[in-house]
Amino acid sequence: MSEIVDIHAREIIDSRGNPTVEAEVTLASGVMGRAAVPSGASTGAREAIELRDDDVRYGGKGVRKAVGHVNGEIREALLGMKATDLAAVDGRMIELDGTPNKSRLGANALLAVSMATAHANAADAGMPLYRHLGGEEAVTLPVPMMNIVNGGAHADNSVDMQEFMILPVGASSIAEAVRYGAEVFHALKKVLHKRGSSTAVGDEGGFAPDLPSNEAAIEVILEAIDKAGFKAGQDIWLGLDCASSEFHKDGKYVLASEGKSFDAAGFVDYLAGWVNQYPILTIEDGMAEDDWAGWKLLTEKLGGKVQLVGDDLFVTNTEILKEGIDKHIANSILIKLNQIGTVSETLAAIHMAHKAGYTAVISHRSGETEDVTIADLSVATQAGQIKTGSLSRSDRVAKYNQLIRIEEALGSAARYAGRGAFKQLG
């Protein structure tokens, strides 16, 4: 009774007020799986292509074309297929699209159906998605990377770097980790208010204050950690997403807010100075996606001290990840479902990373919905780490709440990844 008997997609709205694709897959047993795809603000040049309408509706960002592909070609091709063979379903859609980057039908069309099929399979098996994808061994709750200060493409302020995160590695459970994060978030709001800084939030729910420098963002977070009663470098560590491709111009790393410009070696030294001075545990996209020589320098200098995550660098693509592994570039990959466009390919990237000794961080996008698939995915794959924003905005909090539910359902079997998620903490 696992045959696909119906597929339907619609245009819905994401957390930034832009359209996105939601799909429903119905099986012969009568169960239905539903999923909605996210969308990024800063995107890697080699990501799978998100199909937009480019007409007058929604400033050109409508997704009627992608929805039409789901309700037409994709539906016709998949009706009657066994949903339980997700790899075959995904493979059929990839074959149908016929392009290397899913540009004909749209990665947003393929991913909506792929995710919905996974949900339908889980419902048909009478189990939660994390158990269906991960089996009995899926008991590890991830350390959240909580983006509490937003800059770069995620905020309208003068901070160059995109995300300043807190990692509650010292918590004993995901529920406690969320509490740590929420208490620091509220303490930070008070710190910023006292300074006369804006407490408006960015796309991912973090504050987006105008600060005199990127380093000032670290300083206010450390103050908030202390005021909340936690110890930085023990209870809570720091993480950065530089999104360096966004300020890499003509071979230079240009921090406009500080009036500074660096070559690759200089920017590596700049980041190394921060690592030596602050309790930084992870740096994402420390170098630009096309600066592989710079990445090599960064990995050689800091790879033994901190987690170096490739996002725009690897774009959840196994071919690019393999090249990085072979060249000893970075030591971690950010996993975004919509960068590659199917669940099967996403799982393959996670498997490749883990096999090579790289960590895998499951991630949201800046444009999200109430869909919580990534929470289940983080547990299913035992990734040990998740990025899903700050402690505000329901599109972010929905994922934390799902992790709390999963932890409760697992009961005594549940394990919080904590310090064990990071080799750098021994």
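Every residue, even glycine, has its Cβ placed from backbone N, Cα and C.
Listed by Swiss-Prot as binding Mg(2+) are D241, D311; the candidate from E204, E284, E345 that the record includes in that site is E284. In Swiss-Prot, the (2R)-2-phosphoglycerate site is described by Q162, R365, S366, K387, and among K194, K336, K423 the residue recorded at this site is K336.
The recorded positions K336, R365, K387 differ in how many other CB atoms lie within 10 Å of their CB, and the one with the most is K387.
Taking D241 (Mg(2+) binding site) as the reference point, the recorded positions whose C-alpha atoms are within 10 Å of its C-alpha, out of Q162, E204, K336, R365, S366, K387, are Q162. Those same-chain residues not listed among D241, E284, D311 yet with C-beta within 8 angstroms of the centroid of the Mg(2+) site C-beta atoms are Q162, E163, L240, C242, A243, I283, D285, V309, D312, L334, K387. Annotation: D311, R365 are the recorded positions among E204, E284, D311, R365, S366 whose CA atoms are within 10 angstroms of the CA of K336 (active site, proton acceptor).
Candidate binding-site residues: Q162, S366. Fewest other C-beta atoms within 10 angstroms, S366. Spatially close to E284 (Mg(2+) binding site) yet at least six residues away along the chain are E163, G239, L240, D241, C242, A243, V309, G310, D311, L334, V361, judged by Cβ distances under 8 angstroms.
For D241 (Mg(2+) binding site), the number of other Cβ atoms no farther than 10 Å from its own Cβ, over all displayed protein chains, is 28.
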